[in-house]
Structures are given as C-alpha cells and as structure tokens.
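Undergrad: Below are the features I grabbed from TrEMBL:
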{"type": "DOMAIN", "residues": "2-118", "note": "domain 'PLAT'"}
{"type": "BINDING", "residues": "G17, D79, D80", "note": "Ca(2+) 1 binding site"}
{"type": "BINDING", "residues": "D39", "note": "Ca(2+) 2 binding site"}
{"type": "SITE", "residues": "W103", "note": "site 'Essential for stabilizing binding to COTL1'"}
{"type": "DOMAIN", "residues": "117-654", "note": "domain 'Lipoxygenase'"}
{"type": "BINDING", "residues": "H368, H373, N536", "note": "Fe cation binding site"}
Amino acid sequence: MPCYTVTVATGSQWFAGTDDYIYLTLVGTEGCSERTLLDKPLYNDFERGAVDSYDITVGENLGDIELVKIEKKKYWMHDDWYCKYITVKTPSGDYIEFPCFRWVVDDKEIVLRDGRARLPQDDKTRVAKQHRRKELETRQKTYRWKEWHPGFPMSIDAKTHKELPRDIQFDSEKGVDFILNYSKAIENLYVNQFMHMFQSSWGDFSDFERIFVRIKNTISEYVMQHWREDFMFGYQFLNGCNPVMIQKCTQIPEKFPVTHEMVADCLERDLTLEEELKAGNLYIADYEIMEDISPNATDPCTTQYLAAPICLLYKNSQNKILPIAIQLSQNPGEDSPIYLPSDNQHDWLLAKIWVRSSDFHVHQTVTHLLRTHLISEVFGIAMFRQLPAVHPVYKLLLPHIRFTIAINTKAREQLICENGLFDKANGTGGGGHVQLVQRAMKTFTYKSLCFPDAIKARGMESQEEVPYYFYRDDGNRVWEVVKSFVTDVVNIYYASDETVQEDDEIQAFIKDVCSFGMQDFDYCGENKHYTVSKQNTLYDWCSWIPNAPPTMRKPPPTNKGQVDMQFIVESLPDRGRSCWHLGAVWALSQFQENELFLGMYPDEHFFEKQTKKAVETFHQKLSEVSKLIKNRNEGKKLPYYYLSPDRIPNSVAV
C-alpha cells in the first residue's frame, strides 16, 4: 500500500508548541487520505522547535498532492500552535513543500497549498481556484479597515493588541509594552528621582548632563559637545534625525524677507545674496506645516508652545551647510524678527533651538509616525485582504510588514491615544500630533515614497553640489539594490504588462490601498514598488535635550536683545518632561529582540530556483553596500551608518 511520509516543523518562538491533537489530511488529484491523528506513542509531539515525521498509509495512490489540511482539537485547554511548514514525501520519492508560517488557534482548520508561487491566472483546477477564493474571503473578514481619526490613513479594526489576528501579533506582547519599556528605560537611565519634577527647571545646560551621562555614545556625546555650533546645526539637515526637510532655495519667499545686507557677513564668495541664490548655494527648511498646530494643553500647570520657523541655509566654500537667517513664524513683521548669526549669541542660539524643536515634532509625527508606520500598515492590511499566500507579491512583501500592524496597534493603544504616553512630554501631545498627520496627508503623494523622486523633488540630487549628504547617497544605493531585487522577482512571474493587467488580485490590492487605505487620496495611480526605511537615529541625535527639545515652555521671542541664558533654560523642558523624553528616545531606539535586518529571510516562502538565485544576488549586493559604508565611516568622528543594510530592519516594528 502506498505510504506518504509527512514531516511537520514547529516554530521556535515562545509558546509555539502545543499539547493539542493535530490531525492531517492529504488531498490529491486522485483522492484523499483518511483524517489522520499525528501522534507517536510515548513521545511528546509538536514541541517548540521540533521537526517530527509521520507515515500515512493509503489504499491507493492519491495522484498529485494539491492540498494539506491541518486540524487542531483541544486536548485539555486550547493551546495555540505555530506551524512553520509541512513536507510530504510521496511513494515515488518526490518531496513537496507546504509552507505555513501561521498560528493554528482554537479548533480551527488550515488548508495549505504547496510552496510554488502562482498568479491567479495560473490556477486552472477547480480545487485551486476554490482554495484561493476561500482564503481571501476568510482574510477579508479577519483583516478589516477602520478609521482611527478622520483624515488619517485607514488602520486595522482592532482597539488593542490582543484583538489582532494571532498571525500578526508579537510573539511576546511584553516586549513591546510601551509603558513597561518606558519604565525600564527610566530605571536603566537612573532618572527616577527627576520623573515627577514637572515645572522644575534645570539650572543650566551642564545640568542636563546629570540625566545624559548614562546613555551617551560616540555620536550623542559629539552632539552634546558641538550642538551650539552652526556647523553642527547645518549638518543635521543633511545627516541628522530628520534629513528630509532641507531643499534647494530657488527664490527667497515673500514671507521670509531676508536681504543681502542682513547676511552679507556670512557670504564667502564676494557675491550678493541674489547671485548666491542663482549659483545654487542657498537652501531652505520651512516648517510651515507646524503653523497653528495646537500645543499640548494637558497639564494646566505648564503652558507649552510651538512654532513654525523658516531657516535659510548657505553652502560655504568648504561645502558646509550653515544657517544664515531664521524667522520663528510664517508671518514677517515687527513682532517676528529675522535672527542672524551676527545677533546677540543668546538670541541666535534660542532661534536655532526653536528650529530644532520644530524639526523634532515633524520628524516624530510626519516622517516617523505617518510616513513610516501608518503608510506601511496600509500596504500590509491590503496585502492580507487581497493577496493569497501563493501569490508571489504576498511572498515578497510578507517579511517586510512583520509586526508592523502590531506595533501600530500598540501605539494607538498606549502611545498616541488620548492621555497616552505621547502627552507626557511632547509639545504636540493632546491632539496636536493628530492635526499634524491630518495636515501632512493633504499633500501626501505616492511618488514621495519613491526615494530618488523625493530627493529630486527637494532639488537635493546632485552629489557635486552637496557632496556630504550621506542620507541621500546611502539611500540611493539601498534603493537601487532593492529595486533590482524586486525587478528580478517580478520579471520571473510577470512576463509582460498584460500579465499584470490580467492579475485581478494585484489590481484589487492596488485598489484597496488607494480607495480604502488612503481613502482615495490624490496621485495613487502609479504602479511602482516602494520602500520605507526606519532610521533609528533618535538615540544619537535627540538624547541631548537642548538639541531636540520635545516641548518649549516659553513662547518664541518677539524682539531681539531680551534673551539671556536663564530665559533659554526656562524655555527648555523641565526636569520631569526631560526624563520622559529621554526614556522615550531610549525605548524607541532599541531594535526588537532577534531583529531581522534587510534581506534576512529565515522563513522560506519562495521555492523556485530563479527566485532563490535572485535572493542570493540580493544578499550579495546588500553586503557590498554595507562594506562600502563601513569603509567610508572608518576614522570619522561622525560616522553615518543608519542606512547600512545590516542596520535597516526588514520591517517597521520599532
């Protein structure tokens, strides 16, 4: 009688094993096996990390094996089980892989197809088409859209992490509990004694070192030592925490009436301001998006303030980017002076601090929360809703949305919700962060997710004009490697544009992203791949609080010559908010336990030789980029490693 050997692999994560009963049925073109209990006498089956084999004898050959059915039944109490894969050895000696990588929960049945990637038009049999349809119908009931706030990208319909489908939950919720992680951070940083000292100002800048000394590293210490210098201020627009605000200045805005006489002492080429402008030596950072955003009013004892500054930057003869003029509002006038390097040192320093504070808010809420977390979630939900597990694009995207929906749900539960941790120390807490996301979405375009296009839109693409823009250079290298890999994989499965058009599942995926996830926002028609990378820079650039104040306790000055050092210190966060901020940047800068970095695919989803070769080539190219970046950084006081592939997480999960 024909005998099939079935090998079952259980996951190695916590609680992956089970004591429940596991049944298996083989479905072939010529018949089905009996529903078989997988159990060995005197053996503990399906332990965490185990690979177990079982023989299934049938009356006659089943033909080509199309499906494998797995059922789990309660033994004593429900015990979830994580199945990695099932391998079937046929009587003829052939091996067929059935990838699973899913949790089997309650008394549920999971039906698996073999690991070959297939487009919908490739399936010809009734069984294959029916399986494909049922899988998507089930997923669409499980992964539902929900509007968290009007004007936001849509999110998953789940109020808490525990309500999420088991397959997208964290392995251990404890590891991503923001409240617990903040508490750990504060304990590790030895700042407990300052935590409740709200309204209590620091004595001077050196006082901040009392909470900084425990977490300083090479870069953060350099920031602490040089943050007041114009060079360091300008450098951060290129390679700091938020290197996406600087853009080529082609015209001095009317709302920012800088004249040649104001900045003549800063210009080095014996040119007028207008001539420097035409020569391409002026850049600008405009925080217009911050105008009229409501400041945090959750603490009646502390009034907090926001600003919408504009900063004019100059590329000097050494190609350094330096600030030459700052206005702290969008409306010029007597009560909104333009601050200059030639002003009183305290006036100039406070103007720069205000820019850094506004930059921090835009980074946290727009660059990080919206453009990294929330946008990635939209693609993840649409993927689960519209692409079955056998679709090549599902296999391609799945590792890159690992835990993204989970971390976002946890953030909505604890971090950015009403009375969440975000309100504790952030000047845009209490609703300002919601307004910022809503405003940013009004000008959001799909094209802005494409890295080279985003760089070009700001006029920052020329290496000759701006030679030390490592964010641009490394980002372009990684983009090209990712683009090459995606192109290789897509070309394996799509022979032509017509093949794409005939793929109704990929069309439904794009429609779900645009019409539902993004709620029909403009410019969503382009069918390109995209990448979003999380820059884990908070720890380095924001731990020295005067360089990235999370809130300001005095309004922007309306006249020059009235600021002293005491005024500046009293403008900065108090002791309590400083410690909350420090705990936040420490916690949010930590990689996940067992973090997977770009190109790391421990779960094998592709089985075609061509695709495996593409993955291997991808690894090689990523390694070359990592080595290039490592060599460039050697001996540098300020190394730039954030976009080195071996430091880019595979997915947004921090």
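Glycine is treated like the rest: Cβ placed from N, Cα and C.
Tell me about the setting of these features in this model.
TA: Look at the domain 'PLAT' (2-118): DSSP puts its residues at 0 helix, 60 strand, 57 coil.
Within 10 Å of the Cβ of D80 (Ca(2+) 1 binding site) there are 16 other Cβ atoms, across all protein chains.
Neighbour density for D39 (Ca(2+) 2 binding site): within 10 A of its CB lie 13 other CB atoms from the protein chains shown.
For W103 (site 'Essential for stabilizing binding to COTL1'), the same-chain residues lying six or more positions away in sequence with a CB closer than 8 A to its CB are D80, W81, Y82, C83, R166, D167.
Long-range Cβ proximity for H373 (Fe cation binding site), meaning a same-chain Cβ under 8 A and a gap of 6 or more residues, is found for T404, I407, N408, A411, V652.
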Undergrad: How big is the Cα-to-Cα gap, in Å, between D79 (Ca(2+) 1 binding site) and D39 (Ca(2+) 2 binding site)?
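TA: Cα-Cα, rounded: 16 Å.
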Undergrad: May I have the list of same-chain residues other than G17, D79, D80 whose Cβ is within 8 Å of the Cβ centroid of the recorded Ca(2+) 1 site, in sequence order?
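TA: Checked against the 8 Å cutoff, the neighbours are F15, A16, T18, D19, D20, F46, W81, Y82.
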Undergrad: Enter the number of other CB atoms within 10 angstroms of the CB of H368 (Fe cation binding site).
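TA: I get 21 for this one.
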Undergrad: Any idea what the Cα distance is from G17 (Ca(2+) 1 binding site) over to H368 (Fe cation binding site), rounded to a whole Å?
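TA: Answer for this pair: 36 Å between alpha carbons.
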Undergrad: If one measures from the C-alpha of D39 (Ca(2+) 2 binding site) to the C-alpha of H368 (Fe cation binding site), what distance in angstrom results, rounded to a whole number?
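TA: Distance between the two Cα atoms comes out at 49 Å.
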Undergrad: Across all the protein chains here, work out how many other Cβ atoms are within 10 Å of the Cβ of D79 (Ca(2+) 1 binding site).
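TA: So the Cβ neighbour count for D79 (Ca(2+) 1 binding site) comes to 17.
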